[in-house]
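The next block holds one structure in the form of structure tokens; read it before the comments.
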Amino acid sequence: MGSGLNDTLSRNYNGLELWEIIVIVLSAIFVVVLAISLWLTFRRKTSRSSSNLIPVSRQIPPSVPEEIKEIRVDEVSSSNGGNGYPSISEKFGDKEPEKGIKAESENGDSSRSGSFNHLEKKDGSSVSSANPLTAPSPLSGLPEFSHLGWGHWFTLRDLQMATNQFSRDNIIGDGGYGVVYRGNLVNGTPVAVKKLLNNLGQADKDFRVEVEAIGHVRHKNLVRLLGYCMEGTQRMLVYEYVNNGNLEQWLRGDNQNHEYLTWEARVKILIGTAKALAYLHEAIEPKVVHRDIKSSNILIDDKFNSKISDFGLAKLLGADKSFITTRVMGTFGYVAPEYANSGLLNEKSDVYSFGVVLLEAITGRYPVDYARPPPEVHLVEWLKMMVQQRRSEEVVDPNLETKPSTSALKRTLLTALRCVDPMSEKRPRMSQVARMLESEEYPIAREDRRRRRSQNGTTRDSDPPRNSTDTDKSEYHDLKPEGG
């Protein structure tokens with residue numbers, strides 16, 4: 001039997017004996033199995049080492065819609081091509097861009113809002129230069145690895161160091177959304193760190209809303225989002241720090257020196273706020289409806305420039321779009337009636353809220369104050385009543401040392417009353433509001449005057465000459481709110 005097995009194994013197949021073929025096949029199988037084992041082992045080690053190199057904080061950030069682009073406030077209309085968006089000159093008047101950019105240059109802040117330099121010629125004219133002005137970035141000196149295209153990526157440790165371990169002494173604001181801390185980055189830049197509360201995933205939602213609303217926009221009157229932190233369940237937003245309180249504090253004398261704003265400072269702050277809202281509503285796509293415009297959300301820097309903050313309730317809307325919700329958000333006293341009653345939201349909701357802020361700045365009163373007599377509880381209704389009774393001079397904030405001129409008061413009152421018109425379609429756009437506040441004339445369109453004359457059956461030629469008393473009466477008549 002043994003000799004038979006030997007004979008079988010010794011048989012010749014293509015020049016090789018059978019036992020040689022068996023050894024070769026077994027060796028090949030062994031080599032293949034060994035190679036596969038080594039490859040799998042190497043792959044496991046590689047995946048482990050790579051996972052150890054990436055900390056928890058390096059998660060993939062939430063995606064930001066590509067349609068939200070960085071758009072400068074003073075971009076010329078030629079950049080719009082034929083897309084149908086109004087140019088800046090259409091929105092703010094033919095001379096406004098030059099005036100705005102020159103003023104910004106004088107303040108040393110033009111790099112933050114203008115894409116073109118305006119150079120003065122000897123003959124007084126100006127030309128545009130396509131080279132943008134640049135200023136040092138508040139993020140200069142920080143590691144570049146955390147730049148992901150839509151803000152700076154901070155680690156939890158970065159922000160712990162910046163805020164002294166989120167010390168209570170660093171708290172500058174809190175609410176249902178979370179807590180805001182003052183901090184200093186490693187390069188010395190002061191920041192405001194908004195730490196969102198993570199209630200049932202609400203932090204993720206609030207984080208996404210604010211990033212989508214303001215992450216890629218730039219305007220000198222919008223508080224700038226510098227970056228964010230995503231680490232574990234932590235969601236934080238890092239904003240520029242605005243160091244001079246907010247409009248509400250300055251209207252109530254709640255600032256450090258218990259001082260009140262002058263009339264000129266109030267108008268400057270209101271114009272800046274109006275231009276920022278016009279930018280959000282009319283210059284970017286999708287437009288941004290803030291939904292919580294109020295005096296405490298208008299921050300003030302050391303040069304008394306306004307900066308709109310807190311975009312936690314903001315809503316993105318396409319062109320000519322409205323949004324209907326069953327959950328009305330905002331602050332009582334500032335919410336537009338159509339939004340409060342039916343949930344209909346569009347940019348005219350912000351216009352109404354801005355009108356209430358205007359009335360606050362004029363009167364120094366709260367939008368709703370139950371400590372006052374019943375006719376004076378609601379600011380909007382009380383002011384309409386005072387205007388109808390031709391007692392406009394009596395509504396001015398008594399804390400103003402120097403009262404505004406009669407024409408300035410009338411102009412601002414009329415602008416405010418148009419903003420708080422109960423019919424949203426009659427409210428002006430924010431670009432119109434900015435023009436009204438800057439104009440030296442009453443914001444009564446010539447077409448409106450002509451229409452009123454035609455309805456009364458009179459013409460310009462047939463109008464009798466009026467003395468100053470008649471003029472004053474007519475102007476007070478113009479102040480009467482429509483539908484109020």
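Even glycines carry a Cβ here, placed using N, Cα and C.
Under the heading transmembrane segment, Swiss-Prot lists 21-41, citing sequence analysis as support.
Under the DSSP three-state reduction, T155 (phosphothreonine) is assigned to coil, being neither helix nor strand. Over all protein chains present, the Cβ of T155 (phosphothreonine) has 17 other Cβ atoms lying within 10 Å. Under the heading phosphothreonine, Swiss-Prot lists T155 (among others), citing similarity to another entry as support.
Feature annotation from Swiss-Prot assigns domain 'Protein kinase' to 166-445; the stated evidence is sequence analysis.
Cβ neighbour count for Y239 (phosphotyrosine): 22 (other Cβ atoms within 10 Å of its Cβ, all protein chains included). Look at Y239 (phosphotyrosine): DSSP puts it in a strand. The phosphotyrosine annotation in Swiss-Prot covers Y239 (among others) and rests on similarity to another entry.
Among the features that Swiss-Prot reports, active site, proton acceptor is placed at D292, with the record citing sequence analysis. In this structure, D292 (active site, proton acceptor) belongs to neither helix nor strand by DSSP; it is coil. Take the CB of D292 (active site, proton acceptor) and look out to 10 A: across all protein chains shown you find 21 other CB atoms.
In sequence order, N246, L247, E248, Q249 are the residues near S296 (phosphoserine), counting only same-chain partners six or more apart with C-beta under 8 A. Feature annotation from Swiss-Prot assigns phosphoserine to S296.
Positions annotated as phosphothreonine by Swiss-Prot, on the basis of similarity to another entry: T326 (among others).
Within the same chain, residues at least six positions away from T331 (phosphothreonine) with a Cβ under 8 Å of its Cβ are D292, K294. According to Swiss-Prot, the feature phosphothreonine maps to T331 (among others), an assignment based on similarity to another entry.
DSSP gives Y339 (phosphotyrosine) a helix state. A C-beta separation below 8 Å, combined with a sequence spacing of at least six in one chain, links Y339 (phosphotyrosine) to V328, G330, L345, S349, Y352. Swiss-Prot lists Y339 (among others) with the feature phosphotyrosine.
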